[in-house]
Structures are given as structure tokens and as C-alpha cells.
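Relevant sequence annotations retrieved from Swiss-Prot are reproduced here:
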TRANSMEM  46-66  transmembrane segment
BINDING   HIS96, HIS197  heme b b562 binding site
BINDING   HIS110, HIS211  heme b b566 binding site
TRANSMEM  126-146  transmembrane segment
TRANSMEM  160-180  transmembrane segment
TRANSMEM  199-219  transmembrane segment
TRANSMEM  247-267  transmembrane segment
TRANSMEM  305-325  transmembrane segment
TRANSMEM  337-357  transmembrane segment
TRANSMEM  363-383  transmembrane segment
REGION    404-434  region 'Internal signal sequence'
TRANSMEM  410-430  transmembrane segment
DOMAIN    458-643  domain 'Cytochrome c'
BINDING   CYS471, CYS474, HIS475, MET616  heme c binding site
TRANSMEM  666-678  transmembrane segment
Amino acid sequence: MSGPSDYQPSNPALQWIERRLPILGLMHSSFVAYPTPRNLNYWWTFGAILSFMLGMQILTGVILAMHYTPHADLAFKSVELIVRDVNYGWLLRNMHACGASMFFFAVYVHMLRGLYYGSYKEPREVLWILGVIIYLLMMATGFMGYVLPWGQMSFWGATVITNLFSAIPYFGESIVTLLWGGYSVGNPTLNRFFSLHYLLPFLIAGVVVLHVWALHVAGQNNPEGVEPKSEKDTVPFTPHATIKDMFGVACFLLLYAWFIFYMPNYLGDADNYIPANPGVTPPHIVPEWYYLPFYAILRSIPNKLAGVIGMFSAIIILCFLPWLDAAKTRSSKYRPLAKQFFWIFVAVCILLGYLGAQPPEGIYVIAGRVLTVCYFAYFLIVLPLLSRIETPRPVPNSISEAILAKGGKAVASVAIALVAAGALFLGSLQDARANEGSDKPPGNKWSFAGPFGKFDRGALQRGLKVYKEVCASCHGLSYIAFRNLAEAGGPSYSVAQVAAFASDYKIKDGPNDAGDMFERPGRPADYFPSPFPNEQAARAANGGAAPPDLSLITKARSYGRGFPWFIFDFFTQYQEQGPDYVSAVLQGFEEKVPEGVTIPEGSYYNKYFPGHAIKMPKPLSDGQVTYDDGSPATVAQYSKDVTTFLMWTAEPHMEARKRLGFQVFVFLIIFAGLMYFTKKKVWADSH
């Protein structure tokens, strides 16, 4: 990609290959001898991070696809079975799901770095446009991937976003029908999205090759925005840039691992742990955080077609940036006004993301319209105007001259600002997903909380007893097999105890030789049976409300923590919104409805349930279940024990996740330290 190479391998076999297919020379000229500006800072490391993350997403995605079932009736269950029954399936899913967010985080940093340092200017226009194409492909891939788990937010997100194409005149309805494969989102839609989600990453990889090719033709930009003029301005890509990139990737992996092992659901949505239900619309349909700024632009424009045009224009306009900004000076380091407006633009994007997570009503709509105007004004008014009126500061004559005055404090402060802004952004997302119209649940001290938390075996066994004697008459545990009770990290029953426990249940099986269905005693390999044969029977027995399956209830329920707790949650690894909520609801029943509160007939008042009206009668009362270990037979103890058990049913491999996370963190810290000191040694003679 860097041009002809005179590299010749010393090995005779490799020489034979090189004469016929000079692939080794191409690799040497592109990734070893390639001259790299010596003043590149760590913002340039995100290119290597993105390459690593793309490879990681493709690898984990291919393995997950081996076990995934793209069928509307089986997709949700297949994902859960991957997590529970495939060896390290929980790790693969966490890597892939959290990896999508990390991929977008890295690409946003990469794009903002290009904006700040003018990496879109001549001669890098094609390089920049290819980057925008990659970003568009990433957005399409991420959206289709989010649909695949077939949870509530997946289904309704697909419905809302695909419906946008109906705004296109003449062809819109036909496009929507083609995407759906029918007249509503369903199984054909899921199959289409799975196929495209599998294909697009390889297309992204192909465009990345073109992107890297264009980079090697035009050369890398640098913080000063001046082209290398002599050998003193550059260093060989390997080992200098390679080692620096490896250190940067190692540091990024620490953040990545933080989410994988300790905060896997921090960036997700509780509603997506509920199977897709076309008959129940979520209170807030909110896309993933990396789409929120554009979602805010879409919703801020009242006309549907204009909103769609505005949303796509907000991305496409990036392709025209090389011609909108005609300033001769590339880097904003030497453009005081451009630097100020750049940070204003970053603030506008963050605020748009905040608004995208809020309900489309009142002041949020007005603010969205103002910020949408600001977003487009930056590209269409500010940049063209600045290129004509701004007087830049003197630019260094060469890269080597600029290195003498280099400092790192600004980079550190910008990094801190980005982390703080990102925390605020993610916190706004949690606020939007709060349970409205109810008191916030009180916190609890859970044994499984924190990086070294473990399940209390006694609480798990007591919780199972409460479930069996109280909850099992209405609620199933369809994702838990009896054998799971004997697995490490669970209630710690012996194989014999599990067999005896399973035999108490009657399992419908068959057909037998006569073609009839029959009942038999349960076996360890069987799953907990549902108390009802189907959903219609469940509704008929419960006044029209279908009791939810409890396997995932502590993940499928949550509440917004609000400011500033969501910031602290990231650092304290607080992930117990679900258990706190479930425990609070079990204890939140009150016989007397407060004055001024009206609930429908046949409902019960619960101060923690959204809207306070719940169809489920009070399930627990003091003395209802007898414990053999002397634990108090109170509602508070029952609720805490059964919630602990339900947290285990939601994630049986939690202890393994945290244990492996500690080992990975130790390795990454040591690896990052080795890379840092190696980098110091390699670069010692280059400054």
C-alpha cells in the first residue's frame, strides 16, 4: 500500500513466495518500514484500537452465530442458552455486546480527533470519505445486531426505525415491506437482519482495507498539521508506532474488561431481557446510546420526512467537510476560534445525546430543535465563515521543530473531560429508562455485589424454598434446569439432592409408543416446568394478566438512579438495580390506598410498582415459609432470599465472570506495564 518494496526475506522458501506473490514486501513496506510522523499522540492509537475491535467483533460474532437460532420463536431463548449452556458463552456474549459500545466509543474519538486536527483536508479527502462510509456501515450493522436478541427493545426498535423508510415518497411503503418481509416486523425481518448482520462486518473489513490503503497513499496527518519534510520528522512504524499502539490497546482493554466482567449490563436496556411482545409497547423506546444524537435530531423535526432527511443529513454532511472547511491551516491547535467552536460542537453532540434519551415532550423538544440548528450551523455556517475570517497562529516549519515544545497536560485534561462527558451522557440514558410514577427502591447489601461478591449459599437454598412454596404456583423458571442446582456458583446441592428434588415434579413427556403424551417424574436434565400449559391458560387463571417467567426477572426490571449516582455506579460497579427493585416490590404492598391515589378495580396498591397499581396480590406474609436454619420467617427475609435466588437464575455464571475478570485485570495491568516501559526504551533515542 505504500508503494514498491525492495524487501527480500532471508528464508529461501519465503524468497520463492516473494518472487511470485510479493505479499511479505507489501506487509513490510506498510507496517514495518512505513514512515510515521514522530509527533503522533495517543489519539492516533484509536486507529489500532478500532482494528483490534473490528477483529474481535467478527471473531465473537462468528462463534455466536454457530449457536444462535434466527427464528422469532427461538431467538430469545437461543441467546439465553448460549449464555447458560455454551462453554464461556456468557463471555462471548458480553464481549460482543459490550464490544459494540466500545467500538462506537473508539470510532467517535477517532472521528473527533480527525475533526480537531483537520485530517479531512487535502490530500486526505478520500481517506475521510471512506471513514464516513465505514461509520454508516457500522451504524447499520449495530442496529441489525441489536434486533437479534429479539427482546422488547429489539422488536420495538426495529419497528420504529424501519418505519422511518415509509416517509420516502412513492417507494417508502415498498421499502418497509421489503425490510419486514411482510406487513409487520416478524420472523422474515429477523432472518433478513441476521443475514445482513453477518455479512456487513466483512464489508466493513473490506472498506477498512481501502481506508488503510488511502492512508498509506496520502500519509498520516499529525497534531501539527504539517507534512514531514525530512527523515528527522518520521520514525519507522515498527517498532515505534507498533509498541505505542500496543500500550494504548492494553489500556483500552482495561476499560473494555471493566464492562465485560463487572458492568456487562450497564450500557444495555432492562426491557431487552423481556421476550419480544408485539402487544405490549415499552414506556420509552430508546435506541442504543451511540445513536441518540441522531435520534434526537429525528424527533426534533415535526414532519416525518423532514426528520428522516435531517437524521441522515447529519451523517452525510461529514462527507462534504473537506470542502466546507476551506482553511489552509489544518490543526485546530493553531486556530483559536476553530478550537473554541469545536468544543462547542462536542457539547452540542453530547446534549443531543441527552435529549435523545428523554421523552419527546415539552422543553426537550424545543431544546432538541435549537441544538439541531446548532449542529448543522457548525458545518454550514461556522466552518465556511471561519475559513475566511480567522487568522491562525504561526505553524511550525517542521514536525521536529514542534516536538521541542510538546506538552501532555492538555491531552490529559481532554481525556478527563471526555470521561466526565461520557458518564453524564450514559447517566441521562439511565434516567430515561427509569420506572415512572413510583418511589425509588431502597438499597440493599447483597452478598453478590461488587468485584469480589459471591452468592450466599444459605440464601440461595432458602430462596429456592420460597420460590417452590410460594412463587411456583404462578411463575415458571423456564431457563433453569434442575442440574443447574448442583453446579459451581449455585445453591451447592449434591447430585443426589438434585435428583430427589427433580423427582418431586411431574414432567409432561411423549409421545409414547401408543402416540400418547404422559407424565413422569422429573430428572436432573429437565427444566423447571411452567405452572400453566400456555399463556392463555395463565391469563385465564390470573384475571387477564400473564405472570412473567422469573428466570430473568432481576435483569428485566430496573429503575433510573439519577444524578449523580449513575456516575458513582460506574466506578463502584453498582449493578443491583434489578434485585433492589424486585425486593422492594415484594415488600411494597400496602392494604390501605393513600388518599388522592386511585387504582383500577381488581388491582393492589404497591408503592414501588410503576403507577402503584399491580394485578398480583401480596405474595408474602410473615410465617408463610418455615426455614430449617433458624433464619427469621419475615417478609423482609423472604424477599431478600428469593431475590438472591432469582439473581442467580438470571446469571448462574456470575461468580465465574468476576473470578475470571480479576485474573484478566491482573494480566492486562502487567501487560500494559511491560508495554509502557518497552515504549519508553524504544522511543528513548527518538526524542
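Backbone N, Cα and C define each Cβ position, glycine as well.
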Considering only Cβ pairs under 8 Å, which range in 126-146, 160-180, 337-357, 363-383, 666-678 makes the most contacts with the transmembrane segment (247-267)?
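The listed stretch sharing the most Cβ pairs with the transmembrane segment (247-267) is 666-678.
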Between the two most separated Cα atoms in CYS471, CYS474, HIS475, MET616, the residues recorded as binding heme c, what distance in Å do you get?
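Taking every pair among CYS471, CYS474, HIS475, MET616, the longest Cα gap is 11 Å.
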With a radius of 8 angstroms around the mean position of the C-beta atoms of CYS471, CYS474, HIS475, MET616, what other residues of the same chain does the heme c site pick up?
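Other same-chain residues near the heme c site: VAL470, ALA472, SER473, PRO547, LEU550, PRO619.
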For HIS475 (heme c binding site) and HIS110 (heme b b566 binding site), determine the Cα separation and express it in whole Å.
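Checking the Cα atoms of HIS475 (heme c binding site) and HIS110 (heme b b566 binding site) gives a distance of 48 Å.
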State the Cα to Cα distance, in Å, between HIS110 (heme b b566 binding site) and CYS471 (heme c binding site), rounded to an integer.
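Distance between the two Cα atoms comes out at 51 Å.
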Just checking: which of HIS96, HIS197, HIS211 have a Cα that is within 10 Å of the Cα of MET616 (heme c binding site), counting only these binding-site residues?
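Of everything listed, nothing lies within 10 Å of MET616 (heme c binding site) (Cα to Cα).
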What's the number of neighbouring CB atoms sitting within 10 A of the CB on HIS197 (heme b b562 binding site)?
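Result for HIS197 (heme b b562 binding site): 21 neighbouring Cβ atoms inside 10 Å.
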Let me know the most crowded of the binding-site residues, choosing from CYS471, CYS474, MET616 and counting other Cβ atoms within 10 Å.
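The most densely surrounded of these binding-site residues is CYS471.
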With pairs closer than 6 in sequence left out, are the transmembrane segment (363-383) and the transmembrane segment (199-219) joined by 3 or more CB pairs under 8 Å?
no
Out of HIS96, HIS197, HIS211, which of these binding-site residues is nearest CYS474 (heme c binding site) by C-alpha distance?
HIS96
Do any residues at least six apart in sequence from HIS211 (heme b b566 binding site), in the same chain, have a Cβ closer than 8 Å to its Cβ, and if so which, in order?
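Spatial neighbours, sequence-distant, of HIS211 (heme b b566 binding site): LEU127, LEU130, GLY131, ILE134.
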Give the number of CB atoms, excluding that of HIS110 (heme b b566 binding site) itself, located within 10 Å of its CB.
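If we count other Cβ atoms within 10 Å of HIS110 (heme b b566 binding site), we arrive at 20.
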I'd like the number of other C-beta atoms within 10 A of the C-beta of HIS475 (heme c binding site), please.
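Around the Cβ of HIS475 (heme c binding site), 23 other Cβ atoms lie within 10 Å.
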Around the Cβ of HIS96 (heme b b562 binding site), how many other Cβ atoms lie within 10 Å? Please give the count over every shown protein chain.
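Looking across every protein chain shown, the total is 19.
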Just the number: how many Å between the Cα atoms of HIS96 (heme b b562 binding site) and CYS471 (heme c binding site)?
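About 34 Å separate the Cα atoms of these two residues.
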